[in-house]
Amino acid sequence: MASNGYSNSADAVPPPPSDNDGRPPSPPPPPPDSFVPPPPPSSLAPPPPPSSDLPPPPPSELLPPPPEPKKKKGWGAPKPGPLSIEDILKKKKEADEAAAKPKFLSKAAREKLALEKRAKEVEEQKRKREAEQDNRISIGSVNGNGNGYGSAANGRDGYERSYQQENGRRESSFVPTGPRAMRNSQQSRSSSDKPNDMEPPPKPAKSAAAGTGKASVAGEKRPANAEDLQAALIKTRYMGAETNQSTFSAKKKRRRTTEKKFNFEWNAEEDTSPDYNPIYQNRAEAGLYGRGRLGGFAEDEGATLKYAKALEERDAEAGGARAREIVEMERRRKEDAGRNSLDKHWSEKKLEHMRERDWRIFKEDFNISTKGGAIPNPMRNWSESKLPKRLLDVIHQVGYDEPSAVQRAAIPIALQARDLIGVAVTGSGKTAAFLLPLLVYISELPPLNEFTKNDGPYAIILAPTRELAQQIEVEAKKFATPLGFTCVSIVGGHSLEEQSYNLRNGAEIIIATPGRLVDCIERRVLVLGQCCYIIMDEADRMIDLGFEESVNKILDALPVSNEKPDTDDAEDAQAMSRHLGGKDRYRQTMMYTATMPPAVEKIAKKYLRRPAIVTIGNIGEAVETVEQRVEFVAGEDKRKKRLNEILASGEFAPPIIVFVNIKRNCDAVARDIKHMGFTSVTLHGSKTQEQREAALASVRSGATNVLVATDLAGRGIDVPDVSLVVNFNMATNIESYTHRIGRTGRAGKSGVAITFLGNEDSDTMYDLKQMLTKSSISRVPEELRKHEAAQQKSQRGQGMKKIEEGGFGGKGGGGGW
């Protein structure tokens, strides 16, 4: 209380130094009940005592006066009077209205409030530390004086001496910040050691220490200039941060503590030099000769035009010519900037402005990878494809607005007369990718007449199944018929007489299965004397079905006079596009497949010359638009019940395809589906060609809801808008499974594939789990993830493959496998 009283009086008016010289130290303060304030300074007259005769002042005089730098205290302070009820209610109403109004704080105000709050926290922490330090000093003084067992006088004298020594050290460690008139009094009062002095107060240096602490905190938090900031940063760098000072920086990028990678890169946000050095805050701009920021060439066109206009006004003849040169230079600069700009997407650039980086991004966007020499860049749209105008018109009439990924990459390569191997997933648009270059190729050959029509077709397309061959025929007629070309399909199931009648007028393009085409060649129904374009679609499937020998016979029957050389000339587009001896051109061979088994590689190495390899996506992976679901359902009855639940849910619209493994089961499942109330047809190898075509036609037209088929329909069959594929029995290998689920999700549309698994499917569980893991929209069920057969790849079947390949060449002893 005494220290507070003296500090208040000292804050109001400092006492004159002449009155304090030579006086003994002030006596200790009296108790609170007998407290008498010190007499007022002589320079100010005390206010008159309040008279009881005068009436109380009106409420307007009781309002607080404007803020003054210092308030009178003690006897000079005005005596507060009672407030009226109206004033209290008025103040309360004004306070409520002020509190209800939203108060906007600027950034500087928010920073000021944060600094004040931080200063108060630091002051409170420092006050606590000083209190603890004083407490330790007092305890140490008592213990050092005989553990407190000495006399009271000795204990008090020892306490006073220890306090004076500690106080002297503390005052000497701080720089005086108070008024000059009060320094001597404090020093004399602290340095006096007379026997008649009483004990000092418990915290005599609190005000000085607190004042010094506030000043230091304010100096640390808000330095006066940039030099103090830089000095503080250097001090922190070499001496370390203070104990209670946060080292968090909002600008510095934070890294996770669990991250093990070492970061070798430097981020611009980690530069803290602009915080303390103002030279880094303002970027220096180049000032060159001439008007404008860059010597007459400003970044905006308006400044350039203004400069050119000023030149023209100054000198109409020479200045006008110079102005036109400046405008032309600015235009060229903008064109160069647009050509070399990295911020534009490849779709916004012109073809001549595309750089190597843009083509890499383009290929990554469409998941295109190419291999081979002298491969041209892909096409971004149909207008850049270099196709003839009449063919482009047909493409737009058919409704092909944007090319697919395989069409973007394969068509420019095929137009250069290069041999090609295309590896793409099912439903990716491969048919148009090889049909369009084929039509361009044969359009440069002379049309067939009465003499040349007997020499055979210009091109043949091989397909593994009848359905796929007929599907390619339908697609080819869309483009070939408007151009005046004839397409004929030769497949099994139809009589040779009927197909011979279709070939009576000749045909430029023949689509055939390998077995039936070999029969036609051996029976002299067809010759390949002028065939110079060969396409093998689903080549891996043809090998799986045992057509390898038939394919070799067909390729050996081709003429050798126009075969490409196995040299670097095979990669030269101009050399391969030349005509040989008038009408003949070099033979061009293309192969499309979903996988690349060794037998397919062997055929490609024998008959293709320096082929370019185009891969869309990853080999053997499913289409990304198909959601794969796997359910463990054991037993035929439970699977039929689950199939009924799926069909009756109404989640999937027809058509729906259900795959089984054996023909007998195919008819049984179709019969059960009819009992469920849905129309169904079957498709398997025992059906005649007419029955197959009728079944596919009913599904495509919408007359039938469900198609139940074996793996015969798993390759190349295009039924539009299939929403669901159900694998009633899991396929025997992962390749067949991939082609099964590829019947849905075609042409960029989404689809769902549901597979019923059992313990009998352990050979394919590992590959199935890997395929589900790679899919971004599919989920691996826990039962499959933890299954023993899914932990490692099955070794079953490799021994059987060795038996087939050894000794009998796949016949005789190995045929039973």
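Using N, Cα and C of the backbone, Cβ positions are placed for all residues, glycine too.
When Swiss-Prot is compared with the stretches 351-379, 380-408, 554-582, 728-756, the one noted as motif 'Q motif' is 380-408. Listed by sequence, the residues of this chain that lie at least six past the ends of the motif 'DEAD box' (537-540) yet keep a Cβ under 8 A from its Cβ atoms are 430-431, 434, 461-464, 468, 472, 591-597, 600, 603, 715-716, 735. Averaged across the domain 'Helicase ATP-binding' (411-614), pLDDT in this predicted model comes to 85. The DSSP breakdown of the motif 'Q motif' (380-408), given as helix, strand and coil counts, is 17 helix, 0 strand, 12 coil. The helix, strand and coil residue counts that DSSP assigns across the compositional bias 'Basic and acidic residues' (780-790) are 7 helix, 0 strand, 4 coil. There are 26 other CB atoms within 10 A of the CB of Val425 (ATP binding site), with all protein chains counted.
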